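K.L.:
One structure, as structure tokens, below. Some questions next.
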Amino acid sequence: MANPMENNKAVKMLRAAEEGGYGVVGVVSYNLETIAAVVKAAEAKRSPAQILLFPWALHYSPLLIHLAAAACATAKVPIVLHLDHAQSEEEIMQAATYPFDSIMVDMSHYEKEENLEKTERITKYLHSKGIATEAEPGRINGGEDGVKDTGDLEGLLTTEEEAKKFVNTGIDFLAPAFGNVHGNYGGVENIKLDFERLKGIRSAAAAKSCLVLHGTNTFPDEIMKACVKGGMTRCNVNDLVLYKYNKYVAENTGKVPLTELMGRGTELIQEQIEHQMDVMGSTGKV
Ligand SMILES: [Zn+2]
């Protein structure tokens, strides 16, 4: 019987990034403007890209998922659809009925052993459906709009041993905690990444899982580049590509026609995504 994972587009995309030494932009998307901007940027830059949805989308409206899937299916360059931070089995089972290329099985709010057990079991199930998986060993602190905050739980840095254990569950992508946090750092001077630790994690994950980066709000280009050099094959971006859009919308809603608000808003997101494609080195790769 053919392996359902054989043609998984997300695995192919991130393996190619790893071999090519570049990173793919994973754009956290909440609306049409963002999804349209991903497609426009990827096509303009001849770059691969990923559309990231949070489980919020499952509850808000499946139409957003269908829109994102249609964007991937009709784009002239490879774009894949990823569900980030699915934090319950119920959500994951629901998500598996939609055309996601990959799903993050985020059981980081459970104790380590339980996290590993759940991750392995769910990964087997998703692989049987041809869907790639991602997990977070350790715990990346903080929350993002649409993702539950880790709350009182303490952030835990990923160790090499943990990375190995997680890779052995069969996951395709590993999101390490090495000083990165969700949400805001409260100033560039507070971004303190442990690249030595990342090096160890990378060799522990070698040849089995690709590394992916969470928590990039307010990252200067140089830090993003260092992360890609350190082995990150997909870098999630949220505020980094949305802050100009958010400011524009806040200042212009009700003052300009809705078509202009959407059109200019989309352009502002597209410009930022294109910039990140240059920074991560994915421009011209397809
Ligand atoms: Zn995350």
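Cβ coordinates are placed from backbone N, Cα and C, and glycine is handled just like the others.
Keep in mind that this is a model prediction, so the values were computed, not measured.
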K.L.:
Which of H127, H214, H275 does TrEMBL put in the same Zn(2+) 1 site as H85, H182?
P.N.:
H214
K.L.:
Cα-Cα, whole number of Å: D106 (Zn(2+) 2 binding site) versus H85 (Zn(2+) 1 binding site)?
P.N.:
5
K.L.:
Just the binding-site residues from D106, E136, H214 whose C-beta lies under 6 Å from any atom of ligand 1, please, or none if there are none.
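P.N.:
Once distances to ligand 1 are taken from each Cβ, H214 fall under 6 Å.
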K.L.:
Please list, in sequence order, every residue of the chain apart from H85, H182, H214 whose Cβ lies within 8 Å of the Cβ centroid of the Zn(2+) 1 site.
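P.N.:
Output for this site, in sequence order: D84, D106, E136, I140, G142, G143, E144, V147, A175, G215, N236.
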K.L.:
So if I draw a 10 Å sphere around the Cβ of H85 (Zn(2+) 1 binding site), how many other Cβ atoms end up inside it?
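P.N.:
Neighbour count, Cβ to Cβ under the 10 Å cut-off: 28.
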K.L.:
Fewest other CB within 10 angstroms, which one of the recorded positions D84, D106?
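P.N.:
Relative to the other recorded positions in D84, D106, D84 has the fewest Cβ atoms within 10 Å.
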K.L.:
Checking your reading of the structure: which of the recorded positions D84, H85, H182 lie inside a 10 Å Cα sphere centred on E136 (Zn(2+) 2 binding site)?
P.N.:
H85
